[in-house]
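Residues or ranges marked as domain 'Glutamine amidotransferase type-1' by Swiss-Prot: 1-202. As annotated by Swiss-Prot, active site, nucleophile applies to 80, with the evidence given as similarity to another entry. Residues or ranges marked as active site by Swiss-Prot on the basis of similarity to another entry: 183, 185.
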């Protein structure tokens, strides 16, 4: 069973629909018991970093999530804002992140040659060989909507990069923790492949 963390933030219905399409048994829940019994976890999120972290903390789930991810080593996928929340902090606010990956999130600088937020389809470039990237290559396109991007302290944590007037991190991976800046649930066949890979991770 995959549990999509339901803390009131994120495209939960879209994520569940995509998981259903790849044949996964999944549910949205804010129950500690469900989280403890889950095989894998997905942390969705949209909006501002501080609001997301405050809402997650008010849900009372941070401790059980941290136990399941960092001690029990359950695979977790952070999506969009959820990926940034895996890190230490964001320039967007003052709230501390979950700290599961040593990284910050920083804002794209405004320039004449690009708009902020970065919105729309963009190609990604794999930086690591990993089972979660099976079938994903330089031709794979994903849907982005974001003004901030992840900056891991360790370059070996960069799973995918992307170019938007500069090279930036589109996805991170450390052990059982995965973060995707784009919206795989809105990325059609490429997003479906990514969810399929996550479901099949051992």
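Quick reminder: no glycine exception, Cβ is built from N, Cα and C everywhere.
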Cα separation, residue 80 (active site, nucleophile) to residue 185 (active site) (Å, whole number): 10
Rounded distance in angstrom between the Cα atoms of residue 183 (active site) and the residue listed as 'active site, nucleophile': 6
Structural state of residue 183 (active site), classified by DSSP into three states: strand
Within the predicted model, mean pLDDT of the domain 'Glutamine amidotransferase type-1' (1-202): 96
